[in-house]
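Everything on this sheet refers to the single structure shown next.
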């Protein structure tokens with residue numbers, strides 16, 4: 001059977017690659033949705049003897065200051081674990097090939113199933129966190145495992161297209177986790193079903209796991225290639241010595257800050273700056289959905305740049321900078337528009353501010369998600385790119401990028417633990433940290449070399465995507 005699959009995959013190379021890419025991406029989207037639901041499904045725990053719906057209440061966790069400190073530490077540990085796992089995935093690729101590495105990663109995401117059924121005790125909560133961490137490490141590495149597939153099965157034009165649309169899955173998963181809180185008037189009705197939701201989202205990854213067990217191939221190991229013992233640590237050391245590695249880390253780490261924090265922190269930041277106290281959370285969630293929904297337009301707008309014969313670096317830098325500017329404008333519109341006029345009798349200004357607020361959210365997302373496809377395609381454009389080097393590059397990009405993100409997360413969340421700071425000051429500091437961390441990505445893009453230095457700054461009239469030759 002394996003020989004037949006191997007032969008079929010060679011005859012139908014693009015189709016086979018698309019199948020593998022689709023199922024890995026689908027599994028990644030399910031993980032993101034599962035992880036995103038942690039915020040919605042947590043609940044308020046136990047307060048004044050009352051058990052509130054959600055998994056914190058189930059485990060009997062009192063949501064006091066002591067818990068908040070421990071919760072922040074666990075969040076830092078989990079994010080750091082995802083970063084380390086992303087780096088280690090390259091070592092697994094070197095040792096076990098893509099098929100078995102993907103099977104391992106998918107199997108780890110299934111740890112989310114038993115997590116939902118741990119004993120309703122504090123020790124049960126500790127086991128819940130451990131199993132969810134295992135799920136998170138496996139889920140995070142899936143986005144890396146799509147890249148060797150792209151490098152092996154697709155041509156230059158196909159790579160740019162897949163990179164454009166490959167950005168859909170993180171925003172889609174996040175939208176799935178946000179929508180229930182946005183649409184349902186009683187969030188507790190969703191929290192009461194927390195076990196069903198996280199179990200179902202984890203269990204659906206069994207589909208991708210079975211597919212890889214049945215039709216996965218060792219495409220990254222060539223038959224005529226001499227079998228040599230690969231020293232993964234030595235290869236890792238060689239990449240760590242390269243300046244380009246750190247350039248990519250700064251670029252992706254900075255980009256992660258604006259991509260992730262704008263959905264996870266905008267509710268507390270916007271509320272803190274405006275003293276709205278949650279009165280306009282539906283509008284903030286609407287902004288978040290507009291920000292994420294821009295991913296559907298990104299590939300057919302900014303993302304098309306990866307198919308043009310034009311320089312990449314300046315365009316990426318401009319898009320990220322514009323994303324920061326639009327985010328700042330969104331913040332000002334909420335504070336001095338939505339929150340201000342929402343408390344007054346000036347309904348026309350309130351409606352205008354709310355509409356502009358959501359539009360700015362969409363435009364911010366257009367810059368952030370639209371440029372990701374161009375960034376994802378860049379490593380494939382270098383002459384030395386092949387399935388093995390791509391696997392290493394993306395594992396280090398995401399792994400060390402997540403470490404950069406973890407450091408920023410620790411700083412941002414640490415601000416909330418400081419005594420004596422009011423909400424406005426805390427939110428202002430967090431806003432500045434996000435902006436500065438994202439701006440660091442511009443240093444990374446300046447350090448990178450152009451994959452095609454011969455290309456002009458802008459596409460010429462003669463430029464046609466049909467004639468793009470990347471390798």
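Quick reminder: no glycine exception, Cβ is built from N, Cα and C everywhere.
Per TrEMBL, the range carrying the annotation transmembrane segment out of 14-37, 38-61 is 14-37.
Residues 251, 254-255, 258, 262, 269-270, 273-274, 280, 283-284, 287, 302, 305, 349-350, 352-354, 356-357, 360-361, 363-364, 367-368, 370-371, 374-375, 431, 434-435, 438-439, 441-442, 445-446, 457 of the same chain sit 6 or more residues outside the transmembrane segment (314-338) yet have a Cβ under 8 Å from a Cβ within it. Within its own chain, the transmembrane segment (287-305) has Cβ neighbours under 8 Å at 163-165, 167-168, 171-172, 174-175, 178-179, 182, 262-263, 266, 312, 315, 319, 330, 334, 357-374, counting only residues six or more beyond its boundaries.
Beyond the ends of the transmembrane segment (392-418), by six or more residues, the same chain brings 68-69, 72, 75-76, 79-80, 82-90, 93, 140-141, 143-144, 147, 235-236, 239, 245-246, 248-250, 252-254, 256-257, 260-261, 265, 379, 385, 426, 429-430, 433-434, 437 to within a C-beta distance below 8 angstroms of the stretch. The stretch from 14-37, 73-93, 124-146 that makes the most Cβ contacts under 8 Å with the transmembrane segment (100-118) is 124-146. When each of the listed stretches 14-37, 124-146, 193-215, 246-267, 424-448 is scored by C-beta pairs under 8 angstroms to the transmembrane segment (350-371), 246-267 comes out highest.
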